[in-house]
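Listed features, source TrEMBL:
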COMPBIAS  143-153  compositional bias 'Basic and acidic residues'
COMPBIAS  186-203  compositional bias 'Basic and acidic residues'
DOMAIN    11-104  domain 'Lin1244/Lin1753-like N-terminal'
REGION    134-169  region 'Disordered'
REGION    186-213  region 'Disordered'
Amino acid sequence: MARISKPGLDYFPLDVNFLQDRKVRRISCRHHAAGIAALTSLLCLIYKEKGYYILWNKDTLFDIAQEACCGEEEMQAIIDDCLSVGLFDDLIYKEYGVLTSQAIQEQYHKIITDSRRKYKLPLEHFWIIKEESSEIEPENTDDSGKDVTKPHEFATTMPQTKEETDTDIKGKQERNMENEIKSEIKKDIETEREGKDGKENERSMPPVPSNSVFQASPVVVEGLSLDKSIGKETVSEGMQAGGGSEAILLLNMQTIGIRNEQTVKAIVALARRKELGGPGGILWKILSSQYRPTLLKKNEPGDYILWALNHPTEFENTYNGTLKKLIRGR
């Protein structure tokens with residue numbers, strides 16, 4: 001009985017110096033264990049599901065984030081960093097929402113070539129390995145020893161196994177698989193577009209976060225104004241860095257719904273430090289109009305602000321990831 005042709009693999013090789021790769025070390029340095037766990041889980045999913053790529057959507061984001069034991073925001077930040085260091089192809093990701101790379105495709109090509117599998121790859125979008133690496137030695141010969149395989153089939157058709165002889169089943173399965181991949185890509189692209197349209201509509205209405213606290217516009221008091229452009233906060237001349245804006249800070253905390261007296265005092269005390277409460281400091285970024293929707297989704301906004309003020313480096317990574325998503329959503 002002929003085996004069913006499938007694109008995915010049952011296992012794949014991992015280089016012994018994987019962790020010494022400079023690109024991987026950059027991810028490890030920025031995201032620690034979560035970055036390595038996410039990258040390993042993603043490679044397993046790529047080789048298992050499609051063989052040489054994976055569609056990056058909300059479901060994939062949730063699955064990988066859960067396996068890596070990190071939040072979805074941090075997971076997206078890890079993916080952005082992987083793209084920036086070159087672990088995945090940035091152009092294909094921006095065009096199709098697909099994670100793949102030349103190294104992954106060369107590895108996959110070698111595995112299915114060595115195993116003499118018959119799976120035919122849909123190469124129209126994602127086949128990015130060099131032509132010289134995709135050439136295959138001719139396997140089909142006639143009785144005289146002459147090659148009878150058409151040259152143009154080398155780059156698109158993998159060698160067949162002896163067990164898989166039913167050509168009718170083969171053609172039908174491959175066509176169904178290609179159609180399934182195309183429909184899945186089209187569906188994901190449409191879903192992403194609908195999500196962007198929904199975001200545009202939501203901008204005209206105040207968002208309602210999970211903790212039932214409605215978002216309010218940043219309070220403008222004498223000496224302080226927040227620019228609506230992404231990542232840009234401005235301070236008037238009357239504002240003194242490191243504690244001169246306690247009045248507006250208290251009003252903002254009241255608007256957000258922070259009522260605990262000890263929490264308020266702790267935030268005010270930390271805000272007196274120039275690098276935290278001064279112009280362009282951590283506190284400014286937390287209370288900015290771009291990050292406020294994220295803040296209001298927290299069950300305890302006050303505790304989250306304290307965490308951010310005590311862990312500025314970790315917060316900066318989260319903040320930058322949020323800004324990148326906002327820019328992509330425009």
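Cβ coordinates are placed from backbone N, Cα and C, and glycine is handled just like the others.
Each residue of the domain 'Lin1244/Lin1753-like N-terminal' (11-104) gets a DSSP state, and the totals for helix, strand and coil are 65 helix, 4 strand, 25 coil. Regional average pLDDT for the domain 'Lin1244/Lin1753-like N-terminal' (11-104) in the model is 91.
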